[in-house]
Structures are given as C-alpha cells and as structure tokens.
Amino acid sequence: MSQQSGIGQDQWKTRLGFMLAAMGSAVGLGNIWRFPYVAGESGGATFLLVYLAFVFLIGVPLLLTEFSIGKAGKMDAVGSFKKLAPNTKWHLTGIMGVIGGILILSFYSVVAGWSIFYLYQYVTGAFWTEPDGGFGAAFDAWITNPLAPLFWQALFLIVTMVIVMRGIGSGIERANNILMPGLAILMIFMAGYGMTLDGAGEGLAFLFTPDWSKLADPNVYLMALGQAFFSLSIGICGMLTYSSYLKEKDKLPAATVGVGLMDTLFAVIAGVMVFTAVFSFGVEPTSGPPLVFIILPSIFESMPAGGLIGVVFFVLLVMAALSSALSLLELPVAYIHRTLGLTRKAATAIAGSIIFVFGIAASLGFGIWSHIQVNGNNILDMMDNLTANIILPLGGLLMAFFVGWYLTRDKAIQFSEIESPLLQNIWLIIIRFVAPVVLLIIMVTSLLGI
Ligand code: VAL
C-alpha cells in the first residue's frame, strides 16, 4: 500500500501490469463484437480509415489527458477532479463517467452472458451442427427468453466481481496478465486461419479498399468517433481510475501510445478474422449486432473442425469481455469505496448489484420488454448509443477542456509527462483546439440529425 495514493488504494505491481490492464480495458467486445458490425454497416474500409484518423488524432491524445488526471489526482473518477479542482463543478465529469461505466457494463454484461452461453453450447457440441430452424432462429429464441440469459449474465458479473474484490495487484493485474497474452494468441490464430479460407481476399478488400464516396456521409464520422471512444474506453474515467493506481516512476506517454496501438491492432485483427469468414461464405457484412452470434456460427458449421473453431472464438470473446468489464466495474467500485467508506468487497457487491438491475432491463428489451423502443432502438441499443455517442465524447470533451484550459499550461504538461517540447505543443494544440472542435461538430451534427 502506498500513502501517495488516496484512501489507501493499492497499486499496480509493474508498469507492464498497468499496460496490460489498460489494454485489457480497451480490447473488448468493442473490438470483436462491435467493430466488425459497425464497420460493416458504415462502409467497411472507409469507416476504418476515418476510425484510424480519430484514434490517433484525437483518441490517443485524449487517452493521455485522461491518464494524466488520474495519475495526478491519485483518486477515483470523482475524487481526482475534486482534488485537482477543489470547490468547482468539474467533479461532475467524474460522476457522469461513473454513470456511463454502470450503463455500459449493464448492456455489456448481457452480450458477455450470451457469449458464455454460446461457449457452453460449443463445448457441449450442441452448436457443432445447425440447430432446428437455423442459427438465426436459435439466437432469436435465446435472446427473447426472459430468464436463461439473465443466469449467464449474472455468472459473468459474478466472475468479474470476484476478481475486482481481490483488488488491483492481486485481482485485476493478475487476471489481465493471463487474459491478454492468451487473447492475443487466440486472435492471431483465428485471423491467420481466416486468411487461409477461399474468398478471404474479398473480405480483406472490404476492410482495406475505401469507397471515397462514403466520406460524404456524416453518419460515418459519428459512428467512427463513437467506436474510437468506446474501443479506447475514453471519456468514462475508467482509464483515469486505472492510472490513479500507478507508481510515480511509471511514465504515461509510452504506455498511452502502446495501448492505442494494441487496441487498433486488435480491432483490425478482429476485422480480418470476421470479414474473411463472412466473405468466404458469401454472407452480407452488414447484418448488425447479431453478426457474431448468427453469421459466424453458420460459417463455423460449414468449416472443417468448425466446432473447435467455435470454441476458440467464444473463449476469446469471453476473455476480451472480461478484461474490459474489470475496468468498467472498478470505476464505480473505487468511487463507492471512497465516498461510502465501505470495504472493497462491499463496494463491489453494491456496484455489481446496481449493474445487474440495469442489465436485466437491457436483457428483457429483447423479449418481454421489446415494445419499449425509441426510433427503432431497443433498451440495449439505447444504452449503447447514449454512452458511445453522447456520454463518452462529452466526457472526453470535458476532460480536454479541463486539462487544456482549466489547468495552467505548465501543470498540464507536467501531468502529461511528455518530455519533447515539440510533442508537448502538438498534444496541447490537439486537446485545446482540434479535439474540442471535432467533437463539438460531430456531436451537434448528430443531435440535430443533420
Ligand atoms: N473498451 C472496451 C471495449 O472496446 C469497453 C471497456 C467499452 O469493449
């Protein structure tokens, strides 16, 4: 335990441990479940291009901004703002982050629960052959079932809670030390396998040959921005919370770039893995959220040893979901732990229960509450859109203003730990001008429905 960190928080044992945990937070369902279908719906390679531009132009500098606040504040999302800006309203950014984290994990755990159930179906061999009525009907029957998905969702949340209860070094860090290398090996294997399929070239073309006319579609920008924020876990203060557990000597800039690069690499590898399979079996890449639950199982079924491939795929999906869920849960846990003065275990039990209650709504939104819709979006879609397209970019914008404008230039640079004067200036220009302007334009455009 270090006295430098607030409320006797424990710390990452090593810088690598922090990096793996932050990568674990970034790489998740966002890369494997969300990225391929959002890219498929929003223009494939054109989307990828805009996405990459956002990740490196805005995402990575904002990630460093978020890390800087946490490392300097050394407390949870709300406490860090209070410490760095006492008697101001800046801590509301942290509160919004805590709410955002709770909302994301609520729907995230639904999809993670489906993933564990699918894994179970592959392990028992039930999905090695097509179920009666096909994989589409099986998926529909599954998600509309009111009770069974809740069981798997609860199981996922319990595993996440047990790890978080054990703390930073012995819980979250240790779990990510196993999850992340395992995930990397499985994903590289799957993408490599995808490339050997006949017709894989078409999938690669879809992902890597841009259609320039799509650049005129404003929706592509909103979706790419939302995806960049979601994927890098920026704007909800989960990364801020993680960086508050860093030791003073562990520097931020290299870790930030490492996380950005790895997350992007994982998204591209997931894209290769999914689209090579999708195109080699002649199915539509634009089938939306069910892509990995309907299309991929049908493809696995017609592959040699497809059942085993299914096992590997769903193992990796569950691992990715778990490593991200740890950061989403740690965010409210750290806050509740400090403000209510509870033990970590009690704080985790409270946060996990709140999340499960919201999660029930997201799950039932596919079945008995499917009549609750806004603009054709069910409860899960609403939570997803509200967080990815509004709360995350708004959180990012507020953090950019906080570090770029509220803090003095010297403080901002000191907290960022960037050493090169050139990079310091570039980073400041981005967080002061470029990121706010781009974020505002995209958010206003989307709110006005232009
Ligand atoms: N960044 C993660 C993901 O891409 C979570 C934390 C939203 O899935």
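All positions are counted from 1 along the displayed chain.
Glycine is no exception: its Cβ is also placed from the backbone N, Cα and C atoms.
So that you can see what the record holds, here are the features copied from TrEMBL:
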type     : residues : note
TRANSMEM : 12-33    : transmembrane segment
TRANSMEM : 45-69    : transmembrane segment
TRANSMEM : 90-120   : transmembrane segment
TRANSMEM : 150-168  : transmembrane segment
TRANSMEM : 180-200  : transmembrane segment
TRANSMEM : 220-242  : transmembrane segment
TRANSMEM : 254-283  : transmembrane segment
TRANSMEM : 303-329  : transmembrane segment
TRANSMEM : 349-370  : transmembrane segment
TRANSMEM : 390-408  : transmembrane segment
TRANSMEM : 429-449  : transmembrane segment
Do the transmembrane segment (254-283) and the transmembrane segment (349-370) share at least 3 Cβ pairs under 8 Å, sequence separation 6 or more? no
For the transmembrane segment (220-242), sequence-distant contacts whose Cβ falls under 8 Å of one of its Cβ atoms, 6 or more beyond its ends: 18, 21-22, 25-28, 30-31, 34-35, 38, 41-43, 46-47, 50-51, 53-55, 58-60, 62-63, 66-67, 69-70, 73, 76-77, 80, 93-94, 97-98, 100-101, 104, 214, 259-260, 263, 267, 324, 327-328, 330-331, 334, 385, 387-389, 391-396, 399, 438-439, 442, 445-446
Go through the chain and flag residues at least 6 beyond the ends of the transmembrane segment (390-408) whose CB is under 8 A from any CB in it; none is fine as an answer. 58, 62, 65-66, 68-69, 81, 84-85, 88, 90, 93, 96-97, 99-100, 103, 225-226, 229-230, 234-237, 240, 415-416, 428, 431-432, 435-436, 439-440, 442-443
Considering pairs 6 or more residues apart, do the transmembrane segment (180-200) and the transmembrane segment (12-33) have at least three CB pairs under 8 Å? yes
Range from 90-120, 150-168, 303-329, 349-370 with the greatest count of C-beta pairs under 8 A to the transmembrane segment (12-33): 303-329
Sort out for me which stretch, of 90-120, 150-168, 429-449, has the most Cβ pairs below 8 angstroms to the transmembrane segment (303-329). 90-120
